[in-house]
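Accompanying notes for the structure given below.
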Amino acid sequence: MVFSSLRCIDCGHMYGIDRSRYRCDRCGGLLEVTHEFGDQLYDFRKRGVWKYRYLIHPALPESLTVSRNEGATTMYRSDRVSQYAGISLHLKHDGENPTGSFKDRGMTVAVSEALRLGMKRTVCASTGNTAASAASYSAVAGMECTVYVPAGKVSQSKMAQTLAYGARVVEVDGTFDNALEESLDLVEDGSYTLNSINPWRVEGQKTVLYEILECMSDVDIISVPAGNLGNTSAIGKAIMELDTLGLLKKVPRLVAVQAEGAAPFYRMWVEHSESISRVEPVTVASAIRIGNPVSWKKARRAIEYTSGTVVSVSDEEILEAKRCIDRAGIGCEPASAASVAGIRKMVQEGEISRDERVVAILTGNLLKDPMSPVGNKV
Ligand SMILES: Cc1ncc(COP(=O)(O)O)c(C=O)c1O
Ligand SMILES: N[C@@H](CCOP(=O)(O)O)C(=O)O
């Protein structure tokens with residue numbers, strides 16, 4: 001028998017997984033899932049996220065799995081992008097997930113958990129990708145989904161996807177951060193939140209690390225675009241758990257890359273601050289236009305554990321990297337290109353040596369946000 005629990009990352013108080021919980025009743029800290037792992041870690045009958053069932057949700061009955069065969073995405077290596085970055089660079093394309101972003105890795109687990117708990121309605125706030133993913137998986141599970149979005153700030157493609165899957169959309173004046181605050185009212189009323197404040201979302205997003213390691217067990221550096229910081233937290237948690245199990249050849253350095261105009265985590269990191277200060281986010285990369293990232297404590301722990309770092313890049317650097325990735329025939333949405341822009345910057349600043357094995361994660365598909373002015377129309 002394998003057990004899972006929820007633990008407060010601040011005070012360590014433990015909770016069962018008998019009902020939905022996101023924060024500690026005692027101190028308000030974020031919760032994370034803990035597992036007592038058994039001998040079996042992989043389900044080799046499966047491909048993608050659920051191959052790692054025993055590492056992410058061992059207690060989930062298979063019959064309750066809400067899946068669209070997410071995960072098992074491609075790892076590319078492009079000469080063109082490598083030349084641009086100044087180092088041999090591998091690109092893990094999580095924009096190849098069913099709804100076009102990495103969110104599906106977490107959503108399959110969170111919506112399955114919603115079903116296990118008997119929840120009837122889901123809710124999230126979103127800059128677009130979480131919305132599309134939540135809408136899709138909720139529809140598959142037969143649950144009503146409501147999404148809160150910052151009015152006028154979500155790409156048309158993401159909005160079209162979300163509406164097509166049948167979600168109810170509430171537009172909020174303000175930023176993603178305001179939308180997230182408003183969405184919590186529905187959580188009070190019994191809806192299940194599908195944002196990364198939900199610890200089960202984080203569990204699913206750990207799987208990108210397992211897949212990277214299966215391609216490259218001695219990876220030195222993994223870079224990831226950073227907004228609400230759920231993905232940085234998830235990859236860091238996966239690294240910490242595998243390291244504790246003695247299954248890592250080496251601990252890869254995790255690099256979180258923020259857009260200059262939406263970089264509260266970067267600022268906290270370089271200023272060695274004890275806490276994060278909210279900013280009014282401004283960047284062309286709409287997916288990471290986030291000024292008050294929920295998971296900053298989990299993400300900071302991940303960066304510290306891996307001896308990683310936080311980098312910020314300008315909109316120009318993001319768009320230049322996106323253009324290169326697009327022209328390489330691979331393509332991604334603007335926010336995704338931040339991971340490559342961040343590596344290029346680190347190489348230029350001598351923070352990465354040429355023989356290091358580097359993977360940049362591309363988080364969203366090219367068609368997610370096609371309006372950015374980086375094309376060559378004639
Ligand atoms: C395409 C894309 N990249 C990166 C991010 C940032 O991920 P996180 O919020 O987990 O830091 C998001 C959403 O937040 C996104 O939609
Ligand atoms: N970019 C995200 C922002 C929400 O992040 P989440 O990981 O907390 O759901 C989005 O696509 O909405």
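Just so it is clear, glycine is given a Cβ too, placed from its N, Cα and C backbone atoms.
Whatever TrEMBL says is automated annotation, not expert-curated.
Marked as pyridoxal 5'-phosphate binding site by TrEMBL: Asn129, Gly227, Asn228, Leu229, Gly230, Asn231, Thr363. In the three-state DSSP assignment, the secondary structure recorded for Asn228 (pyridoxal 5'-phosphate binding site) is coil. When Cβ atoms from all protein chains are considered, those within 10 Å of Asn228 (pyridoxal 5'-phosphate binding site) total 27, not counting its own.
Positions annotated as domain 'Tryptophan synthase beta chain-like PALP' by TrEMBL: 67-364.
Cβ neighbours within 10 Å of Lys103 (N6-(pyridoxal phosphate)lysine), excluding its own Cβ and spanning all shown chains: 35. Sequence annotations record features per position, and here TrEMBL assigns N6-(pyridoxal phosphate)lysine to Lys103.
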Seminar exercise, completed: Rounded Cα distance in angstrom between Asn228 (pyridoxal 5'-phosphate binding site) and Lys103 (N6-(pyridoxal phosphate)lysine) is 12
Problem set entry | binding-site residues close to ligand 2 - of Gly227, Leu229, Asn231, Thr363, only those whose C-beta is under 6 Å away | Gly227
Exercise. So which other residues, same chain and not among Asn129, Gly227, Asn228, Leu229, Gly230, Asn231, Thr363, have a Cβ within 8 Å of the centroid of the Cβ atoms at the pyridoxal 5'-phosphate site?
Worked result: Phe102, Lys103, Ser196, Pro225, Ala226, Thr232, Ala287, Ile288, Ile290
Exercise. What mean pLDDT does the predicted model reach across the domain 'Tryptophan synthase beta chain-like PALP' (67-364)?
Worked result: 98
Exercise. For Asn231 (pyridoxal 5'-phosphate binding site) and Lys103 (N6-(pyridoxal phosphate)lysine), what Cα-Cα distance in Å is obtained after rounding to a whole number?
Worked result: 9
For this session: Look at the binding-site residues Gly227, Gly230 and tell me which residue has the greatest number of other C-beta atoms within 10 angstroms of its C-beta.
Result: Gly227
